[in-house]
Amino acid sequence: MKEFGCFPDNVTYNTILGFFCKKGRLKEAGNLLQDMKEKGLMPNRYTFNILVSGYCKVGWLKEARKVIDLMVQNDVLPDIWTYNMLINGLCGEGRIEEAVKLKDEMENSKVLPDVVTYNTLIDGYFKHGSSEEGFRLVEEMREKGMELNSVTNNILVKWYCKEGKMDEASERVRMMEESGFPPDKVTYNTLINGYCKAGKLREAFEMMDLMGRKGFKMDTITLNTILHTLCKEKKLKEASELLSSASNRGYLLDEVSYGTLLAGYFKDGMADKALQLWSEMRKKEIIPSIITYNTIIGGLCQLGKTEQAISKFKELLRNGLVPDATTYNTIIHVYCKEGKVEKAFELHNKMVEKSLKPDVFTCNILLSGLCSDGMLEKALKLFNTWISEGKAIDQVTYNTMISGLCKEGRLEDAFHLVSEMKERSLGSDHYTYSSILGALASAGRMNEAEEFMSKMVEVENFREQSLQLKEQNVKTSEITEAYDPDSNVCSEQIIELCNQGRYKDAMRIFEASNQKGVTLNKSTYIVLMEGLIKRRKRLSKAVQ
DNA sequence: CTAGGGTTAG
């Protein structure tokens, strides 16, 4: 009896443990493990592996390694699952080199890498920008006589989609049809998402049709893809209708479905709808993941409801969820916005304490916080430390520093960063332009402003950018941007003056708005810059 | 108990 009672208990525990780990609810997982030990049940290979997977999922790799040590102590050797999960964890952190090293280590031990190992690494390389290495591993698989399975192919399809190479993606799918691994549900969902992201909605719907004809029923992920696309197109009403009709027609909705619409509402300034949806979701007992919590916290922060945001943060901790980098970044951001830079840094330290690595976002937020709080020197120091430590920085990092320097009138330093940016092949954009332009205008150096513009335009693909922004502007202008009246009035005036060819006057308004610290619409900068270029051409013609 | 599709932040 005892023996019989014991065995199913262990399995039961493992199953529930797996459920909690999958959902990122580590606190509950920990409690359960404790409970298990108290009942005198020994963790087995499954138990250990479940824990490794749980820790890897939330990025606690050190803890995952500790579990592995514990395994060895208990005479349970790590198996192919353990290795693959750890490799996946490393890839998720962008630590591909270490992951590959682990694969080599496996080869030396008796656990040989399998197709899962390769797929994990290939996807890791694709996700972190080294597609050549990814393809090299595909070659290595072939050399070893390993067959590419549908997961491998789906990884490739996804990569082509991400690169916007939809023709090559379809070609890959055609190859799959001839192989032993025909396209599956994931393949179709990947393609549908690819077409949606590329703005080719007609093709996306054709693909949904094809998916159905191939006998695959639309699932939650297909629905969520469409929901996301509708939200992106600002068709919130349609999205909301889809959500309720899908639910009525028996489709399963999950926390991602709700999270998607929630984010859509917040982005579109419909905060009350968002909050309403949140309580609707809670009523349906759909448990939000860390990402959904991030959405609501971000939304509340945007509304200036910091207290409520913090209370949601505490709530997620109580629910046993593990905050991720985004969670910390969001709260660090709101502290910076409120001028509580010290509190922001405290949280940054907490982040490090929890072995979460501050990323580009964290850096950018802190830099902008320091700059707008009049601590430019500190910002510069942080910026330089970040660079000397070889950490990743991006366009936004440079733009933040350039803007900070420009606001203090340190134009020469700003110019220096603009060229440094180019050296790192990070392109300038309208943020860069507007900072420099604004500083030059404030200093009354109009001629240089124009000169700077035409110089930039020669190098960057400015025209394309401006076309893109104009397109975006058509969409956003359909919805009233009511949140900043100052910004709208100034923007309209500037655009109107530019249309009349009165660029000098436009610059004057620009200068004034700049001094007041008013942020203009993206498109205003573009219109103004184009105007300045036209004027410059006109002047140079006149001289000739 | 591991790999591939959908959600978040500057």
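Quick reminder: no glycine exception, Cβ is built from N, Cα and C everywhere.
Feature annotations, reproduced from TrEMBL:
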REPEAT    A:9-43  repeat 'PPR'
REPEAT    A:44-78  repeat 'PPR'
REPEAT    A:79-113  repeat 'PPR'
REPEAT    A:114-148  repeat 'PPR'
REPEAT    A:184-218  repeat 'PPR'
REPEAT    A:219-253  repeat 'PPR'
REPEAT    A:254-288  repeat 'PPR'
REPEAT    A:289-323  repeat 'PPR'
REPEAT    A:324-358  repeat 'PPR'
REPEAT    A:359-393  repeat 'PPR'
REPEAT    A:394-428  repeat 'PPR'
REPEAT    A:429-459  repeat 'PPR'
Mind tallying the repeat 'PPR' (A:44-78) by DSSP state, helix then strand then coil?
-> 26 helix, 0 strand, 9 coil
What parts of the chain pack near the repeat 'PPR' (A:324-358), using Cβ distances under 8 Å and only residues at least 6 beyond its ends?
-> 58-62, 93, 290-291, 293-294, 297-298, 301, 306, 309-310, 313, 316, 365-366, 368-370, 372-373, 375
Residues outside the repeat 'PPR' (A:79-113) whose C-beta sits under 8 Å from one of its C-beta atoms, at least 6 past its ends, are 45, 48-49, 52-53, 55-57, 59, 61, 64-65, 68, 71, 120-121, 123-125, 127-128, 130, 133, 357
Helix, strand and coil residue totals from DSSP for the repeat 'PPR' (A:219-253) stand at 26 helix, 0 strand, 9 coil
Looking only at the repeat 'PPR' (A:79-113), mean pLDDT returns 92
Between the repeat 'PPR' (A:9-43) and the stretches A:219-253, A:254-288, A:289-323, work out which stretch tops the count of Cβ pairs under 8 Å.
-> A:289-323
Which sequence positions outside the repeat 'PPR' (A:114-148), separated from its termini by at least 6 residues, show Cβ-Cβ distances below 8 Å to it?
-> 80, 83-84, 87-88, 90-92, 94, 96, 99-100, 103, 106, 155-156, 158-159, 162, 179-181
Residue numbers, six or more beyond the limits of the repeat 'PPR' (A:289-323), whose CB comes under 8 Å of its CB atoms | 20, 23-29, 58, 60, 255-256, 258-259, 262-263, 265-266, 271, 274, 278, 330-331, 333-334, 337-338, 354, 356
